[in-house]
Amino acid sequence: MAAVQDGPMELDAEKEAKPEILSDGTSNLSGNTASGTLSSSPLTAAPAGGAPKMEDQQTLIAVLQFLKRNKLSESVEILRREAGLGEHQEGSQATDGSGGGKGDGDGGDANSLLSRVSITSAAAPQSMPVKSDCIINIFRCDLPFMFMLSEDQPDVSVVLSAYSQQGDPPLYQVYYSGLKNFIESVLDCHRAELSQLFYPLFVHMYLELVYNNHETEAKAFFDKFSGDQECYYQDDLHILCGLTKKEHLKGNEVLLDFRTSRFVLHISRDSYQLLKRHLQERHNNQIWNIIQEHLYIDIFDGMPRSKSQIDSMSGSLAGEAKREVNKAKVFYGLLKEPEIEVPLDDEDDEAENEEGKPKKKKTKKDSLGSKSKKQDPNAPQQNRIPLPELKDSDKLDKIMYMKESTKRIRLGPENLPSICFYTFLNAFQGLTAVDFTDDSSLLAGGFADSTVRVWSVTPKKLRKVKSAGELNVIEKESDDVLERIMDEKTASESKILHGHSGPVYGVSFSPDRNYLLSSSEDGTVRLWSLQTFTCLVGYKGHNYPVWDTHFSPFGYYFVSGGHDRVARLWATDHYQPLRIFAGHLADVTCTRFHPNSNYVATGSTDRTVRLWDVLNANCVRILTGHKGPIHSLAFSPNGKFLASGSTDGRVLLWDIGHGLMIGELKGHTDTIYALKFSRDGEILASGSMDNTVRLWDSMKAFDEVETDDFTATTGHIHLPDNSQELLLGMYHSKSTPVTHLHFTRRNLLLAAGAYNSQ
Amino acid sequence: LHTQTDLTIVKMTEREERRFAEVPRESIKLMAESSGVELSEEVAALLAEDVCYRLREATQNSSQFMRHAKRRKLSVEDLNRALRWSNTETICGYGAQDALPFRPLKEGELFFVEDREINLVELALATNIPKGCAETMVRVHVSYLDGKGNLEPQGTVPTAVQSLSEDLLKYYQQITRAILGEDPHLMKVALLDLQSNSKIAALLPYFVYVISGVKSVSHDLDQLNRLLHMVKSLVQNPYLYLGSYVRSLVSSVMYCILEPLAASINPLNDHWTLRDYAALLLSHIFWTHGDLVSGLYHQILLSLQKVLSDPVRPLCSHYGAVVGLHALGWKAVERVLYPHLPAYWANLQAVLDDYSVSNAQVKADGHKVYGAILVAVERLLKMKALSLTLAAEGSGAGLPGTTTGAVGFRENSPGLSPPPEPLSEPPLGIASHLQAGGAGCPWEEWTPVSLPAMYCELYSFFGDSLAVRFSTGPPLGGATPPGPCQPLEGRKEPASSAPNLENTRKMPQLTASMNISPRRDGSPRSPLSSSSRPGRSTSQSRDIFPKARFPLPQAGPPAFSFIIGGRQMGRRCQGRRFQTSFTPTPPLTTHPPRAYAHKLPVIGRVSKPVRRWTCSHYSLHLPL
C-alpha cells in the first residue's frame with residue numbers, strides 16, 4: 001500500500017521544475033482497484049464537497065474495513081501502519097462517514113460503496129450498456145467520482161420510482177392549465193421568467209403519467225400542451241411523443257438523462273415568491289412536488305430577466321448551469337514561451353531581402369520576445385501541468401514559426417484572408433474528418449470506410465523510414481543521416497493508414513508532425529507514426545464510438561470524447577486514460593485543448609459546452625445556450641475566448657474568465673462543423689454544411705461586450721443582435737460542405753471538404 | 001426522420017394526429033402468419049406499437065452516425081450501426097447508394113420497395129466495362145483571393161470512366177469498324193486519326209479493351225496485325241496519357257510476341273513477322289511510356305526469360321522471346337539471353353541436328369530462332385564494344401578501356417550512358433529499372449562479363465557466323481578467357497594483319513582508338529550480314545572488321561553453302577554445313593537490299609518484307 005504515500009509526494013513532484021508527466025496514479029489502476037483509487041484520489045479533488053484530506057481518510061478506513069471483512073489481517077496491519085491510523089479512529093470515522101459528508105445517505109461506508117457499485121454494474125439492464133459501462137469505468141479510475149455519481153446518476157429504478165407517487169391522472173391537465181393561466185396573468189416582467197417552468201413541468205408530468213401506465217391520459221396531455229413549448233425543444237418533444245409505455249422509459253437514454261439530472265432554472269427572487277405563493281394558495285401539491293424533486297431553482301436577487309435573456313441561455317438538456325459551477329477561477333492566460341535563441345543574422349538577412357527594412361523587423365521581433373517573457377497574470381503556473389521538454393526539432397520548428405509569423409498578414413475588416421479550398425474528390429460521401437498540421441504541410445482525412453489518408457500538400461513527398469535491416473547498414477555518423485533513413489522508393493503524395501474497423505470520426509496531428517491520432521466508431525483511438533506510416537498504439541477505453549480527439553498544443557497529451565458521455569485525457573505513452581471528464585448528459589461530440597494545455601473544452605449532444613481542468617478533472621465551466629448538438633469548438637489564440645458551433649447554425653462566443661456568453665453569430669443555415677480563429681484572433685472563420693465559409697469580426701464582437709461587475713456576477717447579459725454587422729464575408733463553395741478550416745502561419749485560410757456530386 | 005418505411009410493408013394509418021408512420025397490427029398479423037404463428041388481436045396491437053417505437057428509436061440513434069459522418073442523408077449503413085450497437089441484427093442487401101423506389105399498390109393499399117432480381121450470370125459475363133470507383137484525391141483551388149472570388153475554372157471531377165457523349169460513342173464505333181474491317185484504305189485513315197486525335201482520352205479504356213481482344217483472334221493474323229497497329233497509333237498519339245493502361249497494352253502485345261498463336265499452326269502463315277512487329281512495338285511502348293508503370297521493364301524481362309527457359313514452349317515462342325529481348329536493347333540481351341544461351345543452345349542444337357523429315361518444320365523454326373539469337377548477340381557485342389569505347393573516351397584520354405571502363409558503364413553514370421542510339425539505350429537507364437524490381441530476383445546476382453570473354457564464348461557457339469569480329473588474344477586484366485577460343489577451325493586469318501599469329505590474335509586494346517566496324521560504314525546493318533558466306537572461300541584479304549564484303553544481292557547465286565560454327569561449351573564439334581537452296585529473290589528494284597535475307601535464307605523474310613515500321617527494312621532492328 002505504498003500508494004498511500006504517493007499522494008503528498010506527488011504534489012511535491014508537481015512543484016518541481018522538472019516536468020513530470022501526469023501519469024503517476026493511473027498506471028497501477030488495472031491491477032488493484034483499491035490501491036488505484038487511493039493513489040489517484042489526491043489528484044481529483046472531491047467534487048461533492050468536503051475536504052480532500054477528510055475524504056482520503058474515509059476512503060482508507062473503508063478499505064481497511066473491506067480488508068478486515070475478507071480476513072486479510074496482514075494487509076490491514078500494513079495499511080494501518082503506513083497510513084498512521086489508530087484502531088479507534090477507524091471505528092469512529094466509519095460511523096461519522098455514514099452520517100454525513102457525502103451527497104447521499106449511504107455513500108460513506110466503503111462496504112456499501114463497493115457493493116453498491118457492483119450491484120449497479122451487475123444490475124444495469126442489458127438495454128443500457130452505456131450507463132453500466134460508464135459507471136464501471138469511472139469507478140475503476142477515480143473513486144471520488146462515485147460521490148458525484150451517486151448524486152447525479154442513481155440507477156434506473158431509483159430514478160423512475162420517483163414517479164410512483166402520483167395524483168389523479170385526469171387532473172394533470174387541470175393542474176397544468178391552472179399554472180399556465182396563472183403565469184399568463186402575472187406581470188410581464190415575471191411572465192418570461194416563470195414561463196421557463198413550462199417545459200420541465202410538462203415533461204415530468206407527461207413522464208409521470210406514462211410511468212404509471214396512464215397511456216391515454218398521457219397522450220391527451222401531450223397533444224394538448226406540446227404546442228406551447230419553446231420551438232427549440234422540438235427535438236426532445238419528438239422523442240417524447242413516441243414514448244407511451246413504461247417499458248420504453250427504461251431503455252431511453254435521452255429521457256433517462258432528463259430524469260437523472262435536475263433541470264436548472266434561474267429565477268429572480270420576486271418571481272419565485274410569486275410562484276410559491278400561488279402554488280401554496282391553490283394547494284397544488286402535484287406541481288410543487290415536481291418542482292421540489294426534479295427542478296433546481298437557482299434564485300437570484302435583482303431584476304427579473306427578459307425573455308430574450310432567458311432564451312439566449314436556455315436550450316440545453318438540463319436547463320441552465322448553476323451559477324456556482326462557473327465561479328471557479330480559470331487560468332486562461334498563455335504559458336510563457338520558452339526562450340529560444342533565434343539566429344538573428346539569418347532573420348535579418350531574410351528581412352532585408354524581403355523588404356529592405358531590417359531595422360523595423362528587428363524591433364518587431366524584440367517586442368515579440370518581450371511579450372513572451374512577461375508572465376500573464378491569468379496564466380497558470382508554468383508547471384501546473386507537467387509538459388514534455390522541447391526537443392531540438394521542436395525548437396527549430398518554433399524558430400520557423402517565428403520567422404513565418406513576421407511575414408503574417410494582419411487581418412481585419414478591410415483586409416480579409418484569401419481562401420484556399422482543398423476539395424476531396426471521389427470521396428463518395430465518405431469523408432468524416434479532416435485535419436491540417438500547424439505548418440500546413442500535411443493534410444489528413446478520416447473516412448467512413450475505416451481508412452485514414454494522409455496527403456502531403458507541399459511538393460515534398462511522404463516517405464517511410466527504411467526497414468530495420470536496411471537501417472542497420474546506414475552510416476549513423478553522417479550528417480544527412482535523417483535523410484538517409486528515409487526510403488526513397490516509398491515516396492508518394494499520399495499514404496493510406498489501415499487499422500480501424502469503423503468510420504473514422506476524428507483525426508488530429510501532433511504538433512511535431514510525427515504522429516497522427518484518429519478516433520473511430522470501433523471505440524478506439526489510434527496513434528499513427530508519420531515516419532513509418534504504421535499504427536503505434538490503439539487506445540481502448542471508450543468502448544463506444546469515439547466522436548472526436550485532439551492533441552494538446554504541446555503534444556504528448558490528447559483528449560478524446562465519445563458516445564459513452566465522457567471525455568478522457570490520455571498520454572501517448574499510457575494505454576489507459578489519465579483523467580476522465582464525466583458530467584455530460586449525452587455524447588461528447590467534440591473536444592479541444594486550451595492553448596495553454598491546462599484545460600479541455602468539450603461540446604456535447606446535451607447542448608452544453610463544458611470546460612474541464614486537466615489537473616484535477618473538475619468541470620470548471622458549463623456553458624448553456626445552444627439549441628442543438630455542438631459540433632465545433634475553437635479557442636481564441638490568446639486563450640481568453642471560446643467559440644462553439646452547433647447544428648442550429650449558430651456560433652456562440654464565450655468569455656472563459658467570466659463564464660459568460662458574449663456573442664451570438666447567426667447566419668449559417670446548417671450545422672457548423674468547422675471553426676477557427678485567425679492567428680492573431682481578429683477574424684473568426686466558420687464553415688458549415690450549407691457550403692459556405694463565413695468570416696466574422698471577432699475583435700469587434702469581443703470589444704463591444706461590457707463586462708462590468710454586475711453582468712459578471714449575475715451572468716445576465718444583453719446580447720446585441722449584431723450578427724449582420726459582424727459578418728465580414730460569406731463565401732460559397734459550389735457543392736462542398738466545409739468540414740475543416742485552418743489558418744496558415746501567415747494567415748491564409750485553408751478550407752477542406754468533400755465535393756458532393758448529387 | 002420518423003419514418004422507416006422502406007424496411008417493411010407498411011400500411012399508412014388514417015389517424016391524423018400522429019406525426020410518424022406506424023406499423024399497423026394487420027401487418028404484424030400478416031407477417032406472423034407468413035412465419036406460421038397465430039397472433040391474437042391484442043398481442044398484435046402491442047407488438048405493432050412496440051415495433052414502431054423500436055424503429056423510431058433505431059432511427060433516432062442512427063441519425064447521430066449521420067451527423068458525425070457530416071452527411072445530410074441518412075444511409076442504411078447508419079441504421080445498421082445503430083442496430084449493431086443495440087445488439088440487434090442488421091439488415092442486409094440495402095447497401096447500394098441508389099435510391100430505392102417506394103411504390104404503392106393501388107388495389108390493396110400496400111406499399112413496397114421495388115427490388116428487381118439481378119441475373120448474376122448476365123452481370124458477370126457482360127462485356128461492357130463496369131464503371132469503377134475513382135480514386136479519392138484532393139485538389140486545391142484558390143477560391144477567394146483577398147475576399148474576391150476566383151473565377152478560374154476548377155476543371156471537372158476525375159472519374160474512373162467518364163461517361164461517353166454521343167459523338168464519342170459514334171467515333172468509337174466508326175474507328176473500330178474501320179480498323180477491323182476489310183477496307184485497307186479506311187483502316188489507314190482510321191489509324192492516322194487515332195494517332196493524332198486529341199479528344200479521345202475518354203475512349204482510351206474502350207480501345208484498350210478492344211485491343212485486349214487479341215486473345216480471341218489468335219487464329220487470324222490479319223486481325224492481330226490490325227490490333228497491333230491500333231496499339232501503335234494509341235501509343236504514338238501525343239495527346240493521350242496512357243497511365244496504367246500501358247500495362248494492359250503491353251500484355252496484349254506480349255501475347256502476340258510470345259504465345260503459340262493458333263495461326264502459327266499453319267506454316268504458311270507468317271506469324272514471324274507479326275512477332276517481329278510486336279517486339280518492335282513493345283520496345284517502342286517501353287521506351288516512350290515505360291516510366292508510367294514502375295517495374296514494367298523488369299516484369300517484361302521476367303516473362304521473356306520465363307518463356308525462354310521453358311523447353312516445353314514451342315520454338316516460335318522462343319523466337320518471340322529472343323526478338324523481344326533484342327528489341328528491348330542490348331542490355332536486355334546481355335542480362336537475359338546471354339547468360340541463358342549455354343543452356344538453351346543444347347536444346348536448339350538437338351533440333352537443328354535432327355535431319356528427319358518429320359522434324360523438317362521444327363528444324364526450320366529452329367533456324368529462325370538461331371538467326372534471331374545471332375542477330376541479337378551480334379548487336380550485343382557491337383554495342384558493348386561501343387559502350388566501352390565511349391567509356392574509355394569519357395574516362396579521360398590515354399586511359400585504356402579496361403574492365404573498369406566496363407564497370408563504369410554498367411553503373412550507368414550519366415556521363416557515359418548516352419550511346420549513339422537514343423531509343424535502344426534510353427537516358428532512363430536500364431540499371432535503375434532493374435533496381436526498382438524486387439529483391440531476390442536473378443538480376444541481383446548478375447555480374448557483367450567482360451567483352452573478350454563474352455566474345456570468346458559467343459564465338460564458341462556461332463563461330464564465323466558472328467559478323468562482329470574481335471581478335472581473341474589474351475584478354476585484358478589477366479582474366480583467362482572462358483572456354484577454348486584459340487584458333488578455330490575454318491577461321492581464316494585476315495591477310496592484311498600481321499603474319500604473326502600471336503599478334504593478330506591479340507585483342508585490340510579496347511581504347512578510344514579501337515577500331516570498330518559498325519559505325520564506320522554509315523549503315524549499322526551491313527556488318528551484321530557479313531556472315532553471308534561467299535567471302536569465306538574467297539576473302540583472302542579480309543579485314544578484321546569486314547565491311548560490305550558481300551556481293552550485291554542481285555548478283556547472288558541461287559544457292560549458298562555456309563557454315564554455322566556450332567560449338568558447345570567445352571565440347572568441340574564440327575562446324576555444321578548447311579546446304580540451302582531457295583528461290584531467287586524477287587526483283588527488288590523499289591526497295592533497298594535486305595541484307596539479312598541473304599544471310600539466312602531459311603528465315604524466309606524474302607517473301608514478305610516488313611515495311612510497316614517506318615524506315616525499317618530490317619525487321620529485327622530498331623528504327624533509329
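Cβ coordinates come from backbone N, Cα and C, glycine included.
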Stated TrEMBL location of region 'Disordered', expressed as one of A:1-52, A:261-312: A:1-52
Long-range neighbours of the repeat 'WD' (A:431-465), counting only residues six or more past its ends (CB under 8 A): 397, 400-401, 404, 422, 424, 471, 485-488, 490-509, 511, 513, 516, 518, 520, 522, 528, 530-533, 739-740, 742, 744-745, 750, 752-754
Cβ contacts under 8 Å made by the repeat 'WD' (A:497-532) with residues that lie 6+ beyond its boundaries: 391, 393-394, 397, 432-439, 441-442, 444-454, 462, 464-465, 538-540, 542-555, 558, 560, 562, 570, 572
Distal contacts, the repeat 'WD' (A:539-570) - CB-CB under 8 A, six or more residues away: 21-22, 130, 133-134, 137-138, 385, 387-388, 502, 505-512, 515, 517-527, 576-582, 584-593, 595-597, 600, 602, 604, 612, 614, 617
Folded-back contacts onto the repeat 'WD' (A:665-697), same chain, C-beta under 8 angstroms, at least six residues removed: 405, 408, 410-413, 416-417, 419, 628, 631-638, 641, 643-647, 649-653, 723-743, 745, 747, 749, 751, 753
Number of helical, extended and coil residues in the repeat 'WD' (A:623-656), per DSSP: 0 helix, 19 strand, 15 coil
Mean of pLDDT values spanning the domain 'TFIID subunit TAF5 NTD2' (A:167-295): 83
